[in-house]
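Undergrad: What TrEMBL records for this protein is below:
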| type | residues | note |
| --- | --- | --- |
| DOMAIN | 1-464 | domain 'Major facilitator superfamily (MFS) profile' |
| TRANSMEM | 33-50 | transmembrane segment |
| TRANSMEM | 62-87 | transmembrane segment |
| TRANSMEM | 93-111 | transmembrane segment |
| TRANSMEM | 123-143 | transmembrane segment |
| TRANSMEM | 149-168 | transmembrane segment |
| TRANSMEM | 180-199 | transmembrane segment |
| TRANSMEM | 205-224 | transmembrane segment |
| TRANSMEM | 244-266 | transmembrane segment |
| TRANSMEM | 278-298 | transmembrane segment |
| TRANSMEM | 310-330 | transmembrane segment |
| TRANSMEM | 370-395 | transmembrane segment |
| TRANSMEM | 438-459 | transmembrane segment |
């Protein structure tokens, strides 16, 4: 849990500290790359580390990943410019790619099927807690200390985690020699890098993003071909013959798309349309982070008492109802509808995410549990990038159609000085049209979240951890 907290809190704590870092190092135009490169290297390596954990053992991969992450953290604190910061963040991402899949696989290996749900629920709650603690801790550090402490605070946490595992985790025994399929690894890296670059940098790349997507498609097709003939494939084809694994990956994609889409645009509605403060927007989003860990810890009991499908359908209901509740938001409505919706969405994600993960882990052999676990985490990360890009495109298309004469209407509403310069008529027009545009974003998010029902029905009825299924 310490290692997961270290990796999870990294994103939110750094985001809070970035204004101070930019003021010190400069390079504002490169700000997006500080986060993009971390996500890119992490996403590429998640399935690779998952497979390596199957072949060579979780213990080795955990220590390698943690050392890379801590090395990147130390170097980030010494970064003399934002260019170097981006390079060191790439190293951090390479380490973070191991921590999450290996930690969740370790939990699955340590606990039996009937205990796994509760254990993974507690582990998943770390993400919700970090989303609340990260911004507060980041703000406290940059206010009272130097910004490099934001990165160096990871070091003692990581060292403690490694010492505990070195003391109590048995050494993996691997008597059979293995080899990682390097061709598949290269093709996967190319496919993921091209796709994420196209999605994350679409505005700056323009038409080149289309070429990157085509490159990603070609690399994916070549990857499938290579996997069919590889002796030890990166993604064993037997995985995709398992309905539960397919359901878990579809669910991960949907949850990632819904989560990031709503997380990105709900604060925009609260601040831009309702005229709320950043604190009000933050506390609204914090309720999503609160619902997630509460539901995650509850999911283990629900899985045992009922079934995977029942727990997933319960989460899907909360997810869809929460997304639809966002349609009740108006420029003059109170914040409670936004907060109720955020909590419901967070709770739905907590139930679904943990249940999909546990059902996948319980349905596969130990020899492929690492890559099976990593695949669900990997698709969730891809879903996050796809959801942000898709919902962002929906918003931009609506704004361009409704407000063709305004340059950046959302920025005009979000920036206090620009908002004050608008006439009463202009302000009313902007608020109404941006509100309608965001409603279409929420409708699309609700439609995407509805796919969770389909993924849940793929899991056979009655399967639950008690039966070891």
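Cβ atoms here come from the backbone N, Cα and C positions, even for glycine.
Because TrEMBL annotations are produced automatically, they should be read as predictions rather than curated entries.
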Undergrad: Can you name the far-off residues of the same chain, 6+ from the ends of the transmembrane segment (33-50), with a Cβ under 8 Å from a Cβ of it?
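TA: Residues 10-11, 14-15, 18, 61, 65, 82, 85-86, 89-94, 96-98, 100-102, 105, 180, 185, 188-189, 192-193, 196-197, 200-201, 234-235, 370-375, 377-378, 381-382, 385 contact the transmembrane segment (33-50) from elsewhere in the chain.
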Undergrad: Mind checking which residues of the chain, 6+ beyond the ends of the transmembrane segment (123-143), have their Cβ under 8 Å from one of its Cβ atoms?
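TA: Distant Cβ neighbours of the transmembrane segment (123-143) are 1, 4-5, 8-17, 20, 103-104, 107, 149-150, 153, 282, 286, 289-294, 296-297, 346, 350, 353-354, 357.
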Undergrad: Within the same chain, where does the transmembrane segment (93-111) have neighbours whose Cβ lies under 8 angstroms from its own Cβ atoms, ignoring anything closer than 6 residues to its ends? I mean 6 or more beyond.
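TA: For the transmembrane segment (93-111), the list is 3-4, 6-7, 10, 37-50, 53, 58, 61-62, 64-72, 119-120, 123, 169, 357, 361, 366, 369-370, 373-374, 377.
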Undergrad: Between the transmembrane segment (438-459) and the transmembrane segment (370-395), are there three or more CB pairs that fall under 8 A, provided the residues in each pair are separated by 6 or more in sequence?
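TA: They are in contact.
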Undergrad: Could you tell me what the rest of the chain brings near the transmembrane segment (278-298), counting residues at least six beyond its ends with Cβ under 8 Å?
TA: 118, 120-122, 124-129, 131-132, 135, 262-263, 266-267, 270-271, 315, 318, 335, 338-339, 342-351, 353-354
Undergrad: Across the domain 'Major facilitator superfamily (MFS) profile' (1-464), what does the pLDDT come to on average, as a whole number?
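TA: That region's mean pLDDT is 86.
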Undergrad: Could you pull out which residues elsewhere in the chain have a CB under 8 Å from any CB of the transmembrane segment (244-266), counting only those six or more residues past its ends?
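TA: Counting only partners 6 or more residues beyond its ends, the transmembrane segment (244-266) has Cβ contacts under 8 Å with 281, 284-285, 288, 308, 312, 319, 323, 326, 338, 341-342, 345, 349, 352-353, 356-357, 359-360, 363-364, 372, 375-388, 390-392, 395, 438, 441-442, 444-445, 448-449, 451-452, 454-456, 458-460, 463.
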Undergrad: With Cβ-Cβ distances below 8 Å as the criterion, list the same-chain residues six or more beyond the ends of the transmembrane segment (149-168) that contact it, or say none.
TA: 2-3, 5-6, 10, 13-14, 17, 59, 62-63, 66, 69-70, 73-74, 76-77, 137-138, 141-142
